[in-house]
Ligand SMILES: [Zn+2]
């Protein structure tokens with residue numbers, strides 16, 4: 001089972017990927033991890049990547065594809081893998097397809113976790129936690145029983161993550177759509193794209209993904 005999982009930040013992609021890893025015994029391959037591993041292992045392509053990065057340049061698509069190609073030969077990928085954060089562009093998507101084809105492989109499915117932007121923005125932008133015990137709250141969905149007092153520990157001090165504000169969330173979503181929209185069309189045209197409703201509960205999203213995976 002060779003998968004790509006797409007979804008904006010905050011859609012629960014990490015949680016769902018982790019569940020697929022556990023249920024299906026396939027690894028989640030992130031380009032950052034693969035690059036670091038290839039460099040640490042000192043493979044030919046890892047050495048090339050290191051030289052480029054040491055020179056302060058961005059690693060080219062060729063090198064990244066080479067690293068993915070090398071990584072999926074490892075025994076833990078015998079049943080498949082989830083590609084995480086790659087491909088990001090149409091050129092990379094084409095190169096990925098060609099690389100897999102050369103190995104006699106193809107992608108099984110591309111799963112897009114779809115969200116309602118407004119709802120997602122409200123959800124993330126409203127989050128805050130108790131500064132003392134870490135209990136999670138929300139401006140509208142989950143207020144403390146007594147305003148300004150933590151239900152769990154009685155503390156009156158709360159904190160918000162600096163990037164959990166509306167502007168940052170909207171900017172992250174825009175970047176995601178800018179990068180990802182072309183891929184959605186690309187994989188749709190190839191009949192590989194499957195959408196799931198990311199606004200459902202975590203277990204419901206998992207069930208939708210499992211239903212798709214049962215058919216591929
Ligand atoms: Zn507390």
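Including glycine, each Cβ sits where the backbone N, Cα and C put it.
Note that the structure is predicted; figures quoted are calculated from it, not measured.
Going by what TrEMBL states, the ATP site holds 10, 11, 12, 13, 14, 15, 127, and the candidate of 200, 207, 211, 214 recorded there is 200. According to TrEMBL, the feature region 'NMP' maps to residues 30-59, out of the candidate ranges 30-59, 60-89. Excluding 130, 133, 150, 153, which define the Zn(2+) site, the same chain contributes 131, 132, 134, 135, 151, 152, 154, 155 within 8 Å (Cβ to the Cβ centroid), listed in sequence order. Outside the region 'NMP' (30-59), and at least 6 residues removed from its termini, the chain residues within Cβ reach (under 8 Å) are 66-68, 70-71, 84-86. Straight-line distance linking the Cα atoms of residue 150 (Zn(2+) binding site) and residue 86 (AMP binding site), rounded to a whole number, equals 41 Å.
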